[in-house]
Amino acid sequence: MAAPDLSTNLQEEATCAICLDYFTDPVMTDCGHNFCRECIRRCWGQPEGPYACPECREVSAQRNLRPNRPLAKMAEMARRLHPPSPVPQGVCAAHREPLTTFCGDDLSLLCPTCERSEHWAHRVRPLQEAADDLKGRLEKSLEHLRKQMEDAMLFQAQAEETCALWQKMVESQRQNVLGEFERLRRLLAEEEQQLLQKLEEEELEVLPRLREGAARLGQQSTQLAALVSELESRCQLPALGLLQDIKDALCRVQDVKLQPPAVVPMELRTVCRVPGLVETLRRFRGDITLDPDTANPELVLSEDRRSVQRGEQRQALPDSPERFDPGPCVLGQERITSGRHYWEVEVGDQTSWALGVCKETVNRKEKGELSAGNGFWILVFLGSFYNSNERAFSPLRDPPKRVGIFLDYEAGHLSFYSATDGSLLFIFPETPFSGTLRPLFSPLSSSPTPMTICRLIGVSGDTLGPQ
């Protein structure tokens, strides 16, 4: 019988005298009795003393509670050996007594022990009375909740309708995008074929004439060479031989009439113009301004640092390492190390200019070739033709009033366009850019109209203007 007695004693020692259940976080009072921390807290209730022990009624002035960890381990052991039996419905889980009343403060069911202990100062009511009162409150809550549920269902339906509408809008826009780009691809393909056809027609029209003229000149050169050789040989003959048939030789000399080739304009009538290209490039536009510290002393900059022109006389400016001298150049403030960039420059009626980009580290104090090998990628306009140190390029019939420059750093792409009609002026061979690049501007000739960097006009911003 010793084992059952030990087991029973273990259960008794591990049971709280307030809740009659195994201890949870047990604490010891000054008088040496143990209780669950939450049980004694609810039992003492009042924030100020004196505090009476629920078991021996000994009073203490302070709320001294010491954790009892060995007892906590004992309670856990008892809980494992003898798990608490399920509490029947209508029975207090703490005291195993019938639930007979209801606490209006804690909204909990009470047994007589609960009512006498921690709930002694609360509003306690009989079960039926409390049930009738709370039933009315629940019915009012149900009415409110049903209204909330109706609203929630309405909102859900609206949200689902909005979701479906949004999906339709997205799909419609997706089809619009696909359709527009397909239309644009067809348009570009048609435009490409038309330009290639025009170029081929122009080639078939002009090239045979050039070849015919070259062949005719070749025949004339052969005939002239034969006549020259004959006359040279005749000049070496003695008098009799030289004078024999001289009349025929002189007549043939007089009959020689060189026919110059027909003049063929070197400008191509067919220009490379892609519809909508400039508008697309303007998505990458940047706000470029001029750097006065780099300007040649012969150049005059506007106050807003967007315009530059050749001055009448050289200015007295500090000779800093950043300044171009003798080259009539000025750089943009912006330093480019990545990305796509586009800017437009109003050149007006200037007879000569240079535009492009250069490396930050270029030599600014010596005259030299402004080539890619020296860190310059520029297009030069000299009144009637364009050129670049990379290769020559045929000019347009009408020089542009405004030039667009597009730079794709990672792709190594630099191209120039007439911003007025979108025609291609020049494109550099693919270049692996490295280091920092700066926009370069150079009015090579004097002009009453300055070279001006175009700025964005308005807030919506699809138009560029010089001012």
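Even glycines carry a Cβ here, placed using N, Cα and C.
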Match it up for me: which of 16-57, 352-393 does Swiss-Prot list as zinc finger?
16-57
For which of the residue intervals 87-127, 169-209, 415-455 does Swiss-Prot record zinc finger?
87-127
Folded-back contacts onto the compositional bias 'Basic and acidic residues' (304-313), same chain, C-beta under 8 angstroms, at least six residues removed:
289-292, 295, 298, 328, 330, 333, 441, 443, 445-447, 449-453, 455, 466
Other Cβ atoms within 10 Å is the metric here; tell me which of the binding-site residues H95, H119 scores highest.
H119
When you tally the Cβ atoms that lie within 10 Å of each candidate's Cβ, which of the binding-site residues (C92, C114) has the highest tally?
C114
Does DSSP put H119 (Zn(2+) binding site) in a helix, in a strand, or in coil?
coil
Around the Zn(2+) site formed by C92, H95, C114, H119, list the extra residues of the same chain whose Cβ is within 8 Å of the site's Cβ centroid.
A94, E97, L99, L110, C111, P112, T113, E115, S117, E118
